[in-house]
Amino acid sequence: MARKSNLPVLLVPFLLCQALVRCSSPLPLVVNTWPFKNATEAAWRALASGGSALDAVESGCAMCEREQCDGSVGFGGSPDELGETTLDAMIMDGTTMDVGAVGDLRRIKNAIGVARKVLEHTTHTLLVGESATTFAQSMGFINEDLSTTASQALHSDWLARNCQPNYWRNVIPDPSKYCGPYKPPGILKQDIPIHKETEDDRGHDTIGMVVIHKTGHIAAGTSTNGIKFKIHGRVGDSPIPGAGAYADDTAGAAAATGNGDILMRFLPSYQAVEYMRRGEDPTIACQKVISRIQKHFPEFFGAVICANVTGSYGAACNKLSTFTQFSFMVYNSEKNQPTEEKVDCI
C-alpha cells in the first residue's frame, strides 16, 4: 500500500516540470524582420553547430548581405544621390552590453562582419565612412566596388526623373523639381515650397535580428544599405544602439525596420526592451513603441520585433494604406523550420 500511495507523490514534481516546460516559450529563439528565410536558417545553423548568440546574429545578417535581401541589404542596392551604395550595420551583446557598428561603410561587402570586429577589437561603438573602410581593411576585409548594373540603372533613371524623390528641403534650386547641387537660400527672399518626401514605402527593409541562446544569452543586430537616393553621407537608425536594435540579457531584445530618420529619434528598440523589463508582453511592448511614434508622425513607415527573456516574442507596425501587415520570421526549438508570421498593423 505504501509503495502504491507514494508513486503519485513521486510523479508530481516530474509532471509539474513537464507542464512548465510545455507552457514556457522554447529556447533557443531566432526572430528577424521580413520574410528573409535563409537568414533565419543561417542563424539557426550557427546555434545548432555550437555557436553563440553573437555568432548567430552575424551569420544571419551576413546571409542577407550576400543574398542582397530585397535589394535593401548588402551590395548593389539603394544607391545614394551620387550613385554609390553604402552600408550600415550593428551587433550588440546583451550579456556584456558591448556594441560594434559601422555607418556609411564604403566598398566593403560584409558590413555585419566589420561591425563585429569593432565590437571585439576596439573600445569604440561606431565607426563611419572612409575611416570605417580603412579599419575594415586592417581587419582583413576586401575593398571592392559595391555598385552593380542594377544599382547603376536605378541611379541613371533617378537622374532622368530630375532627381525625384530626394531628401532635400529649404534649398535652391527647388528640390521638388530639379537636381542639385543645392544651397541655402541665404538672404534671397524666395518662395521655396516645403519639400515632402515621396519615398517608396518598401524602401527601408533592413534586416533586424534577435537571438536568444539556450543559455539565456541574448544578441541583436542589423544590416542595411539604407534608402535609395539618400544624401551622400547619410546614416540611418540601423547602426545606432537602441534605435536599430538593442539587447539586454536581463530583459530581452528588439529590432526596428522602416524610416530610420524618424525611428532613430525615438530609440524604439531600447524603449521596447524597457517596456518588457517592466513586465509588458512583447507584442504589447512593440505596439506601445509604435504608438509613441504615431503621435508625432502618423504616416511613418516602420515596424518593430520584440522578444523577452523567456523566449516569448511579438511584433507591431504602423498601418498605412500601402502597408497593413508586417511579416517576420521565427525559429525556435519547437519548430523544425523557420516560420513566417504576420501581424496586422495598428
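Cβ coordinates are placed from backbone N, Cα and C, and glycine is handled just like the others.
Between Cys306 and the candidates Cys286, Cys345, Swiss-Prot records a disulfide bond only with Cys286. Listed in Swiss-Prot as the disulfide partner of Cys179, from the options Cys69, Cys163, is Cys163. Cys306 (disulfide bond) sits 27 Å from Arg234 (substrate binding site), taking the Cα positions as reference.
Taking the Cα atom of each, Thr257 (substrate binding site) and Thr206 (active site, nucleophile) are about 5 angstrom apart.
The full span of the recorded substrate binding residues, Arg234, Val235, Gly236, Asp237, Thr257, Gly258, Asn259, Gly260, taken as their largest Cα to Cα distance, is 16 Å. Separating the Cα atoms of Thr206 (active site, nucleophile) and Val235 (substrate binding site) is a whole-number distance of 13 Å.
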